[in-house]
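Taken verbatim from TrEMBL:
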DOMAIN    111-277  domain 'NIDO'
REGION    283-310  region 'Disordered'
REGION    357-441  region 'Disordered'
COMPBIAS  369-382  compositional bias 'Basic and acidic residues'
DOMAIN    523-753  domain 'Nidogen G2 beta-barrel'
DOMAIN    754-795  domain 'EGF-like'
DOMAIN    796-838  domain 'EGF-like'
DOMAIN    843-886  domain 'EGF-like'
DOMAIN    887-923  domain 'EGF-like'
DOMAIN    932-1000  domain 'Thyroglobulin type-1'
DISULFID  Cys969-Cys976  disulfide bond
REGION    988-1010  region 'Disordered'
DOMAIN    1010-1078  domain 'Thyroglobulin type-1'
DISULFID  Cys1048-Cys1055  disulfide bond
Amino acid sequence: MRGDRAARRLALPPLPLPPPPLLLLLLLARAAALHPGELFPYGQSRGDQLLQEGDDESSAAVKLASPLHFYEAQFSYLYVGTNGIISTQDFPRETQYVDDDFPTDFPAIAPFLADIDTSQGRGRVLYREDTSLAVLGQAARYVRAGFPRTAARFTPTHAFLATWEQVGAYEEATSRAPPSGELNTFQAVLASDESDTYALFLYPANGLQFFGTRPKESYNVQLELPARVGFCRGETDDLKREGPYFSLTSTEQSVKNLYQQSNLGIPGVWAFHIGSTSPLDNIRPATIGGDLTKAHPSPPPEQSFRPEAALESDYTEDNLDYYDENEGEVEYPPSEPEEAWNGHSSIDVSFQAKAELGPGGESATLDPQTKEGRVLEGRDVPDLNGRVESSEQPGTRGPAPSEIESDSLDPTRGTPPPHPGRGAPLSEEDVPPAHPGGKEVLLNYSVPAHTPLGQGRQVLGVEDVIGSSTEVFTYNAANKETCEHNHRQCSRHAFCTDYTTGFCCHCQSRFYGNGKHCLPAGAPHRVNGKVSGHLRVGHLPVHFSDVDLHAYIVSNDGRAYTAISHIPQPAAQALLPLTPIGGLFGWLFALEKPGWENGFSFTGATFTHDMEITFYPGEERVQITQTAEGLDPENYLSIKTNIQGQVPYIPANFTAHIAPYKEVYHYLDSAVTSTSSRDYSLIFGAINQTRSYRIYQNITYQACRHAPRHWAIPTTRQLNVDRVFALYTEEESLLRFAVTNQIGPVEENSEPTPVNPCYDGSHTCDITARCHPGTDVDYTCECASGYQGDGRSCVDVNECATGSHHCGPNSMCVNLPGSYRCECRSGYELADDRHTCVLIAPPSNPCEDGSHTCAPAGQARCIYHGGSTFSCACLPGYTGSGHQCTDVDECSENRCHPSATCYNTPGSFSCQCHPGYHGDGFQCTPDPASGLKPCEQQQHHAHAQQAYPGSQLHIPQCDDQGHFLPLQCHSSTGFCWCVDPDGHEVPGTRTPPGSTPPHCRPPEPTQRPQTVCERWRENLLEHYGGTPRDDQYVPQCDDLGHFIPLQCHGKSDFCWCVDQDGREVQGTRSQPGITPACIPTVAPPTVRPVPRPDVTPPSVGTFLLYAQGQQIGHLPLNGTKLQKDLAKTLLSLHGSIVVGIDYDCHERMVYWTDVAGRTISRASLQPGAEPETIINSGLISPEGLAIDHFRRTMYWTDSGLDKIERARLDGSERKALFHTELVNPRAIAVDPIRGNLYWTDWNREAPKIETSSLEGENRRILVNKDIGLPNGLTFDPFSKLLCWADAGTKKLECTLPDGTGRRVIQNNLNYPFSIVSYADHFYHTDWRRDGVISVNRDSGQFTDEYLPEQRSHLYGITAVYPYCPAGRK
C-alpha cells in the first residue's frame, strides 16, 4: 500500500518526546532517499479528485472542513493548479506569475512552480482533504521530527494532499521532435490543527527529471528558468512585490538537491511551519537538514539505515561515539529563517557531515566542532571519565516562543522566561553554573556578516581532552611551530616562549594583552569602527549601513565613552537602553582589581562578541554581533557591529536611565559567557515607565593553549558597572554611551571594607598614568610607556625628536600619542621588524629574461602585464594556448581561389593560379585566349593533375554550358557539397560519404538588385502591415526603381521635390492645394523628408536602448542614474522579436537581430529615418550582435546554425568566422581598439567564453571554469574589462582581456539576459524582474531598476553615447 512503508519508517509513540539531537544528526547522515512508494497514499480510490488535463488548469474551489492558517490569516478554500502550486484564491493567467520570481501577487504554496503541461496524458494532478488516522499520523510524525520543541505534541485534525504524478514540462508542439520523456513526481501535504498549519513537500528519489521550464515568450531563444519552491503571502494592498515570502530555491542546482537533501533527516522530505494563531512573521523551516546551494551525493548504500529504527531505538552513551579526531567537519544548520523587517526570506540551510561506521558497526562518529571550536549549545558532551554530562542545569534560561527551532531539542526548555508584570522578576545572577573542571555550557549567538537574522549558532566550550580535527583545538608535537620561525606573530611589545606543543606570545612589562596584541598599561585607548543594522522599531523597518563608531577609554579608572553617528532617529532613540553596545569596551579595558585581568588580556584585538537581547513585556528580540579585526597602525582597535531584529519603540524626547549593575562572566578556553537581566526607566516629564530586558553574551577568541594551565585561576569574574549614561542628540545625530567598569571576583554580600583608590578609580593619577596601590589607601602614580612626568601630570614623549626611536635608514619616524611608527620612503618597504626599510626590488619581466613558458618566438609572442604576470598568444598562422602552438593548415580552410593551388608553409601559406588563369591566387580569372568557362578551366586543370601519382584533386562537374553544377561530389573521398555560380563551396553544406547528399538550389536567374527607393518602400510597407494609412508616407518609385521627383505624404496635399537619391530639395515643400513643379535634378543632397509632427526623435545625450519583443525602448541617463519618467518606445516593429541590439556611433544608427523574421536590420536615429533590412537570408536564430565602428563591420551569433558570422554594415562581404565547436552561442562583444572578438556559449555541458581576432584567427577559450549560463557579455572600452552576466551562477564577473584578474562584481543576480557597461555602472536586462537593473561597478551594489509598464521579457541592451568611445591599445 502506498505510504505504509513511510508510516512504518516513522513509527513513533502517540506523544513521543523529541529524539535526541545527535539522533537527528544521524538521521541526516544515514537516511536513504525517499522511495516513490513512501509518498502519502494517493489515487482516485483514496478519494482524490483529478485535475483536468491541460497547460494552465485550475481546480474548482475546495471547501475545507476546517480552516487552515497561512501566515497570520485563516482560509477556508484552496485551489490546486497545474503549474505545481496551491493557493487560497483562484489563479491569474500563468503569464502573470509562472515565469516571475517570488513573490507572487497572490497567496502561493509552491512545491514546484514551473510551466507544467499534462495535456495528452502526460501525467496527472490529484488532490483531496483527508482526516484518516493513517494520513494524520504520518503527517504528525514528520512534523514532530522536524520541530521537536514547538511541535512535540502536534496532533493534526485535517490534512490536504496534492500530488503531481509523472507530469511534464510545457513544450512547443513540433512535427520534428517527440515530447520529452523527462517527467516529475512530487507531493505537498498541509497538516493543521485548530491553531497551527505545517507544510510537507515530498520529492521521491529520481522524482525530479527536469528542473525548470522555458518561458513561452522565449520563442527560439534557448532559456530555461529554474523552478521556484516556497511560499508567498500575496499582499493585495500593493501589487509591486510586497508582502512576506519565503524562497527555498534560486538555481538549477538547488532544485536538483530537493530530492537529495532534507531539513528533517530523510532526503526528499521538507517540513515548514506556515501558519499559526500566534505571531508568525514568516515561514519557519525545520532545520536538521542540508544546503540546497551545493551538490551533495546521496549516502552510499552501505551507510544507509532504516529511519524508523533510529526513531524507535533508545540511544545511550554506550552505543554512540560522539567525538572522533578523524571525523570530518560538521557545520551545524542555522536555526531559523531570516526574520528581516520586510518579511522576505531565502533559506540557505548548511549542513555538511561525513558519516562513518563506528567500532561496532552501528554507531556514528560525529564531531560537532566547527573550525572556531564551536558546537551546538545544549548538546551532551563526555567528561574526562567518558561520562556524558547534560548541558541542562538549574537556572538555565528557557527560550521565548519566538526563538529558533534548533536552540535546543530538549522539551524542558520550552517555557519562556518571566518578565516584569508576569510573575517572578528576573534574577540578575541568573546564569548557568559551571561544570566541574570548567566544562560549562556557553551560548553563542554568532551572526556572521552574511547570515540573516535568527541564524545564529550556539556553542559550548570544550576542553582539549576532547579530540578534534579542527586547527583551534588540535596540536601535533611532531609538526609544532616554534618561536624561531613564528616570533613575528607576536606584538613588538611582547616576547615569544616555546612550550612542549608550540609557542605562545606574552606582553612585556608595562604592557598588557594576549601577546599578539599588546597595549601600554595605563594609557588611554581608542576604538574606531562601523555599525550596520536591519531593525524593526515597533512595526517600522529601519536600515542603516556603515555608520561611524568611535570610543575613548580611560583605562586607569575604567571609564569608556562610545559615540555612534548618523543612526536614523527612530532606531537611535530605541537603542538608548542598549548600553551593552558600548559596554563591550568597558569589559575589555575595565579597571582591574588586584590579581584580576580585564577582557583585553584574554582576547587581544581579534574576537567576536555576540549578544541576544529579549525585551519585556513585549518579547521583542535583537541580536548584536561585534567583530574585532585587530589594531590599526596607530594602535586603535578596529571593530564592526551588526544589529538585527526588533526593538520596542521609544517616543522622541524620552530619556533612558539605567541603574548601576553587576554582571558575572564565565571563562573557558577561547570563550566567555554571561547571562543577566537589566531594568531601565523611560522618563519624560512626570512619566516614568520601568521596563527590562534579558541579555545573553558570548565572546569567542583564539587563546594560546600551549602555555601551562593555571588551574587555580577562577572561572568566574564579576564586572561592576557604575555611572551608566545613554543620550541621543538629534541635532548632532549622535548616540552616546558612557560606563565606568571594574573587574574582580564575584562578591558575596558582606560588610564593605576600605578600597584602595587604584581599585575604585578615585585616584588622582593622570589619564595616561598607571596607579600603583600601596598599603591601605596609599598609592603612587607612574606615567605609562611613551609618556613622561610625575604620574599626576604626564606628557607624550616625542621619540622622533629625542632620537629614542628605532627607525632605520630610508625611513621616517612619525610620532604618535604614547608611541611612534616608522614609514618608508618611496621605493622602500618595511621589513618584518617594522623598523627597517628595505629596497623594493623591481619585478623581473619574464618576457625579457626568458623565464616565460610561451611557445618559441617564431610561433608565439609573450605579453607582459606587470609584476611577474604575463600571457602568451600564438602568432597569426598558428593556433593553440600560446604555451603550445601548432601550425594552421590554411589550405584545409579553402583560403585560395578554387582555380588556384594552395601550398601550406609553417605559419603561412601561398596560392598559385592554375594554368589558363592569371591572378594572385586569391583571385584568379580565366585567360580570355583559352575560350573556356571557369568550370571547364578547373576541370581541364584537374584532369592534367591526375597524371601525377597519388593525386586526390577534385574534378569539378560542369553542365552543358560549362557552368558549375550546384551539387559537387569528390570522386575519391565521397564527400559532397553545394557550390555557388562561381564554384565556391557554400558553408555548412558538406556531407560525409554514405550520407544523403545536400539539396542544392539551382542558380537563381540574374535580376536587377533593388534600388534604395525600392528597399525603402518595401521596408515601410512591411512596417505599416502591408496597407498604409492615408496620411502615412510611402516612397514613390518609377519602373527602374528611381525616386519619382514629386513625393507626398500618403493621399494628403503635403508634397515636396526630391533629388535622385530621395533627399528633399530645400524650399520645395508646398502647402495644401498647391503642388510644387518638380523636375529631375542632380542638386547637392540636403535632407530627407522631415518627420511628421507626431514623430519625436530621441533626446540628445547618453541613453540606453533595450529590446522588448516587438519594440525597441529608449531609457535616458542622467549621469548614471536612470531617468525612468522619460522612458519611451523608440521603434515599434510589428511581428518582430528583437533580441540582439547595438549602436554605430559614427552614423548614429541602431542595429538589431530579429529571431521571428530571421533578419538583421538597422535604423538611423536621425529624424525621419525608417527601418532597413540589411540581411534577410541564411539566418535561423540570430541573437547576439556587435558593431565595430572603426572597421565598419558587424558580428553576430546564430544559435540555430551554431555559427558566428560577420559582414560589412550594409550587409555586404558576409563571411562565416566559426561554425564548429559551438553549441549555444549567444552574446558577442567586440574590442575595436585592440582588434579582439569575444563571445559566450552557454552549452550546459561545457559553458565557455571564447575570443579570437576580428579576422577569426587565434581562437581560444578565455573562461570555462565556474560559469553556468553566460547570457550577457560586454567589453568596456574605458576600464578595458570584459564582463559577463551569468544566469546560472547568478554572478556578474569581469576579467582582463587575456582572462586574468577575474573578480566578482555582484553574486546575487536574478536571471540576467543582456548587459552593457557605461561609466562606473553596468545595466542588464532581467527575465525575472522584466526590467533594466543597474549595478555599481566599484561597490557591486544594485543602484536602481526600471520596470516598463508593459510586462514582457527584455532581451538585448546597449548604450548610446553622444560621441564615439576612444581607447588606447
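Keep in mind that glycine also has a Cβ here, set from the backbone N, Cα and C atoms.
Neighbours of Cys1055 (disulfide bond), defined as other CB atoms within 10 A of its CB across all chains, total 18.
Remote same-chain partners of the domain 'EGF-like' (843-886), defined as residues 6 or more beyond its termini with a Cβ less than 8 Å from a stretch Cβ, comprise 906-909, 1253, 1257-1260, 1296, 1298-1300. Over all protein chains present, the Cβ of Cys976 (disulfide bond) has 19 other Cβ atoms lying within 10 Å. Over the domain 'EGF-like' (796-838) the predicted model carries a mean pLDDT of 86. Residues 488, 492, 520, 523, 633-635, 768, 784-788 of the same chain, all 6+ positions outside the domain 'EGF-like' (796-838), place their C-beta atoms under 8 angstroms from a C-beta of that stretch. Sequence-distant contacts of the domain 'EGF-like' (887-923) (same chain, at least 6 residues past either end, Cβ-Cβ under 8 Å): 858-859, 875-879, 930, 932, 934, 937-938, 940-941, 944, 956, 982-985, 1257.
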